[in-house]
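Inspection log for the structure reproduced underneath, given as structure tokens.
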């Protein structure tokens, strides 16, 4: 090539790089300014002392929300002790007001300095300034005020304080935003220019290496690894230092007992005895994380430091392993299903937004995050086994089902049915698959072997220590609760359907027998009060009834069952029985089975409303530039379409003898159906199916679009 031609190309390439860099600079500045007005954050920090321990709720009001119950953070207050509460609120709407609900019963509390801060402003209030800024409802009475603290007395069950947030917190002046945005854009442009130079050098001097790097981004591992790493890093901002609550406490306690004593136990004593009350995989992963990364001498700290102390956020960060692994599985499965990078990117981002970045799953030690990851990988490996016809994938798929069983013990039944069902459909489709009966039998044995190898060691451990081969010893309580709920009245069944229904259904039925009539029917005295297991005016009394073993004082089904459980456990402890919780679980299981035998038809019928009850659980994430009502409608439609995609794919796979579709859907569908059949099926129980639901929705859209495009006439042929 002539020298002047080469110089011309270099000049053109340099000019293109400069133009693209300037474009990146402008786009970076515009993006920063837009995000400065769109992405809103507020930190609320205050100290408070309450007479009675219990939940402290911090609500925040955005335009059109009127203190929506979803826009809140919950913390736990210790009795008669000063505590600092730090709440970081992230969103797309300007926050107009903050409300603090300090207690749920009469009593006194004190509040000291309150600090509000955003990226653009900060406000500290104490003494007279704080007293002037605080607004109270009629259930609060000012008792005393000093520069150190303000004392209030609650006369009811729903006292609250509110504080207006100045508009300057979320409306920055352009004179402040533009310089910051320009600096940020310059950094982005500098990185872009460096990448331009590097790519240009590789393209000219190392074309083979350039081709390999380009291929790894478009078709290889580079893009998914970078994307999943970036999303995992971003999700860390949703992990807080808030206390570990609910069943997550037991998982964390087991992990810390392993870390401090080398014993798998959910007991809180100084010398815990081995137990099998929880599944082993989630706490063992947390234990391994502590062994590898915990600060020195932390094994000597009390459990409170891990549950609600200086190590709480640190130990929760172990969940990022499941976030990264789950997202990578979503990418791989969607890529195989759609063969489209765009569709795969879309599905991965949807799964991230609606599940793997949801605080409900990653800021706790409930097992839904681990379960979802195991289901995604199990579905991927089984799908690869069917499509590639390789025994190794079936073996790995079976092992993943074993990990799923070590996360949710009840899934052992799902796994066995899934294995048999998949083998049966492959046998029916063997001619189309062009494989022999013997080969399919080998695949079935490989799945069974993988499952057995993973779960057998834990079952042997339980057999040697507890004379039981069950993975965990708590399924009887859940089954007994479900059998008890079969006895609810038909009017309460209506409430069960209404409780978690989409907004459009509620609007249609409110004012009729199928809905609420001018009052909260889930509150004390309401038609559906026994269904309410959440925060309520009788939440405190229900907790006390459980602890005291007084079912006659309980309002909700949940509290009544808990109180009866307390009675049985206490009786066994008085008798000196070892492992009373496990004994009671076995008793409850036998009672539940007997109850189901007495009313099998009622149990089957009740499975449908319980399936509905758990179906509407897709996280209602915040969507910018739309009202809360529109936001809810969008998410509910997405929930419906994604759920229908999963159900349709499963039944098409089953009835049309499509083992590839069955491989993708049998685990999530099995989980959804199983929990509707044997549990009270709160939406959290079905949530591990959400990533697969979203993947299949994207796959359906891709299939529809591909079908539309394939039917379009070729323009050249049409012109001829």
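From the backbone N, Cα and C atoms, a Cβ is placed for every residue, glycine too.
Please treat TrEMBL annotations as automatic predictions, because they have not gone through curation.
Which of 441-460, 461-480, 481-500, 501-520 counts as transmembrane segment depends on TrEMBL, and there it is 441-460.
Here TrEMBL gives transmembrane segment for one range in the set 245-263, 264-282, 283-301, 340-358: that range is 340-358. The largest share of C-beta pairs under 8 angstroms with the transmembrane segment (412-429) comes from 661-682, of the ranges 314-333, 340-358, 364-383, 661-682, 688-705. Outside the transmembrane segment (364-383) by six or more residues, the chain places 244-249, 251-252, 279, 281-283, 285-286, 316, 319, 322-323, 325-326, 329-330, 332-333, 336-337, 355-356, 393-394, 396-397, 400-401, 403-404, 407-408, 411, 422, 447, 660, 663-668, 671, 684-685, 687-692 with a CB less than 8 A from a CB of the stretch. Counting only same-chain residues 6+ beyond the ends of the transmembrane segment (314-333), those with a CB under 8 A from a CB of the stretch are 224-225, 227-229, 231-232, 235-236, 239-240, 244, 252, 255, 285-286, 289-290, 293-295, 306, 344, 347-348, 351-352, 355-357, 362-365, 369-370, 372-373, 376-377, 379-380, 383, 664, 691-692, 695. Within its own chain, the transmembrane segment (633-654) has Cβ neighbours under 8 Å at 354, 421, 425, 502-504, 615-621, 623, 626, 660-666, 668-669, 689-690, 692-694, 696-697, 699-700, counting only residues six or more beyond its boundaries. Long-range contacts of the transmembrane segment (12-35) within the same chain, counting only residues at least 6 positions beyond its ends with a Cβ under 8 Å from a Cβ of the stretch, are 174, 177-178, 180-182, 184-186, 188-189, 192-193, 196-197, 200. Counting only same-chain residues 6+ beyond the ends of the transmembrane segment (340-358), those with a CB under 8 A from a CB of the stretch are 218, 223-224, 227-228, 231, 234-235, 238, 323, 326-327, 330-331, 334, 369, 372, 618-619, 621, 638, 687, 690-691, 694-695, 697-699, 701-702.
Long-range Cβ contacts of the transmembrane segment (661-682) within its own chain (Cβ-Cβ under 8 Å, at least 6 residues beyond either end) map to 333, 337, 371, 375, 378-379, 382-383, 385-386, 401, 404, 408, 410-411, 413-415, 417-418, 421-422, 425, 475, 478-479, 481-482, 485, 500, 558, 603, 607-608, 610-611, 613-615, 646-647, 649-650, 652-654, 688-689, 692-693, 695-696.
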